[in-house]
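> I'd like to ask some things about the structure below.
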Amino acid sequence: MNIILFYFMPILISLPGLLASGTYPNDVYGLTYDCGKLGENEHCLKICKIHGVEYGYCYGWRCWCDKLSDKNKLFWDVYKEHC
């Protein structure tokens, strides 16, 4: 029984990272983008497209971008790639 748990433990630990892909993008000052209307809205969609992903929405009064990687999280990282 212990052997089975030993083999499945790394899989169980990595599941939350696969299920919750995305993050809050940061502006030029390193702060998250605020939003006024919860759920899907044009402001957050625009912000997420600037950061290189197709979909985002307002969650907890801040823009959340689905499938946003850490390399595109900061505005300046995205800006450097486009120059």
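All positions are counted from 1 along the displayed chain.
Including glycine, each Cβ sits where the backbone N, Cα and C put it.
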> In Swiss-Prot, CYS58 is disulphide-linked to which residue out of CYS35, CYS48?
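So the cysteine paired with CYS58 in Swiss-Prot is CYS35.
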> For CYS48, which disulfide partner does Swiss-Prot record out of CYS63, CYS65?
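Candidates were CYS63, CYS65; Swiss-Prot matches CYS48 with CYS65.
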> 10 Å Cβ neighbour count around CYS44 (disulfide bond)?
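Counting Cβ neighbours of CYS44 (disulfide bond) within 10 Å gives 25.
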> If you compare CA-to-CA distances from CYS48 (disulfide bond) to each of the disulfide-bonded residues CYS35, CYS58, CYS63, which comes out shortest?
CYS63
> Could you tell me which of these disulfide-bonded residues, CYS48, CYS58, CYS63, CYS65, has the greatest number of Cβ atoms within 10 Å of its own Cβ?
CYS65
> How does the domain 'LCN-type CS-alpha/beta' (22-83) divide up by DSSP, counting helix, then strand, then coil residues?
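Reading the DSSP string over the domain 'LCN-type CS-alpha/beta' (22-83) gives 20 helix, 16 strand, 26 coil.
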> List the Cα distance (Å, whole number) between CYS58 (disulfide bond) and CYS44 (disulfide bond).
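Between the Cα atoms of CYS58 (disulfide bond) and CYS44 (disulfide bond), the distance comes to 6 Å.
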